[in-house]
Amino acid sequence: MTESKNILVAGLGYVGLANALLLSEHHRVFAYDIDREKIIKLKDRKSPLEEEEICEFLQRKDITIEFTSVFSHAVVESEILIIATPTNYDEYKDKFDTSSVESVIKEALALNPRIDVVIKSTIPVGFVDQMREKYSEAHILFSPEFLREGKSLYDNLYPSRIVVGDESLFGKSIGNLFLECTKERKAPIILTSSKEAEAIKLFANSYLALRISYFNELDTFAEENELRSSNIIRGISLDPRIGDYYNNPSFGYGGYCLPKDTKQLVSNFSNIPQRLIEAIVESNETRINYISHKIRDYDVQVVGIYRISMKHNSDNFRYSSTLEIAKRILAMGKKVVLYEPSLKVDFFEGMEVVNTLTLLEEKSDIIIANRYDKELKDLNKEIYTRDLYQRD
């Protein structure tokens, strides 16, 4: 067991908060975020995220965690800094915006030059090497996360693998630090170079996006030819080389990770021949266009949207394919009514927001749902969905 350490986690989204909570079982953790309202909520042990396991974990009395919006105090007290700040994709620069990560590293090392830096934020291939060159005396590494939104704590407890972009004793110690937080403590630790770890993250998410796009194109073909997608998918997926998982058609991939990670990988391929990676991005755009035009062709005036979050048990609207479809339907001249319980406004992106399914039913001519839910079964309206299995 690693001796207890003082650890600072900067950035309390899904990745940061899940890591902070699990590490607090065995270590003293400072959990930092610039969002003061989020910190106030967390100090009251209320989760800012819609995730049941996180809500339950926050109620535990045996964790040692201090939520703070004061970075300087936390960093001078800490031995390890884990960075989980956002790296949104900058369309103008055609790469991740890593400014938040760079800012945290700069400030942390200025206040505490001996602190070890572990980056969890997704970064471009080559980023850690740049930081190591800039801060040659510091220990900096990248350890990618492979968490699902809505299941971030669970996936940290039961990881499929732990990847650490450092093959030294420092890298091994960080791998063990994360392994000791898991339930079964048997996940393989993969020590790689920094660039290899960065590539693992981008290629893993791009493969998931590819698989989603593949089954979505299959579904488009089936719908246009009046075939049953479920039969075709079952006939394909029972081949063990393909597998009966991650094969549920949707309106397109979205969320925070897949759209930006596929674009970043395309950017990293800038001077290297490729066709497939770029085609993933184009395929998703094609799927969104296809669904939008299918809805346009219905002889209806008001389209109801059942939720714009990307997954079951998620409150993430970022890069939502359903939201993008809603915008296109609006541009085609139809009215759109949205049911999204986590929105506390009357209008959102040009759509009327309703807070009950009864109102959604009353105001809509047809309802579309990226993911079907059993609460829709009693509605007396046509439901358009491509969800075959009621899972992500």
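Cβ atoms are placed via backbone N, Cα and C, with glycine included.
Please treat TrEMBL annotations as automatic predictions, because they have not gone through curation.
The active site, nucleophile annotation in TrEMBL covers Cys257. As annotated by TrEMBL, NAD(+) binding site applies to Asp33, Lys38, Thr87, Thr122, Glu149, Lys260, Arg318. Look at TrEMBL and you will find Phe146, Leu147, Arg148, Glu149, Lys201, Tyr246, Asn247, Asn248, Pro249, Ser250, Gly254, Met310, Lys311 tagged as substrate binding site. Residues or ranges marked as domain 'UDP-glucose/GDP-mannose dehydrogenase C-terminal' in TrEMBL: 304-391.
Annotation: Lys201 carries the greatest number of neighbouring Cβ atoms among the binding-site residues Lys38, Arg148, Lys201 [cut-off 10 Å, Cβ to Cβ]. Along the domain 'UDP-glucose/GDP-mannose dehydrogenase C-terminal' (304-391), the predicted structure has mean pLDDT 91. With the fewest other C-beta atoms within 10 Å around its C-beta, Pro249 stands out among the binding-site residues Pro249, Gly254. Of all the binding-site residues in the record (Lys201, Pro249, Gly254), the one with the smallest CA separation from Glu149 (NAD(+) binding site) is Gly254. It is Asn247, among the binding-site residues Thr87, Thr122, Asn247, whose Cβ has the fewest other Cβ atoms within 10 Å in the structure shown. Put simply, of the binding-site residues Asp33, Thr87, Pro249, the one whose Cα is nearest the Cα of Cys257 (active site, nucleophile) is Thr87. The shortest Cα-Cα distance from Thr122 (NAD(+) binding site) to any of the binding-site residues (Phe146, Arg148, Lys201, Asn247, Gly254) is found for Lys201.
Take the Cα of Gly254 (substrate binding site) and measure to each of the binding-site residues Asp33, Lys38, Thr87, Lys260: the nearest one is Lys260. Taking the Cα of Pro249 (substrate binding site) as the reference point, the closest of the binding-site residues Asp33, Lys38, Thr87 is Thr87. Broken down with DSSP, the domain 'UDP-glucose/GDP-mannose dehydrogenase C-terminal' (304-391) shows 21 helix, 19 strand, 48 coil. Mapped onto three states, the DSSP output places Lys38 (NAD(+) binding site) in helix.
Reported as a whole number, the C-alpha separation between Arg148 (substrate binding site) and Lys38 (NAD(+) binding site) equals 21 Å.
For the pair formed by Phe146 (substrate binding site) and Thr87 (NAD(+) binding site), distance between Cα atoms is given as 16 Å, rounded to the nearest Å. Packing around Phe146 (substrate binding site) is summarised by its Cβ count: 17 other Cβ atoms lie within 10 angstroms of its Cβ, all protein chains included.
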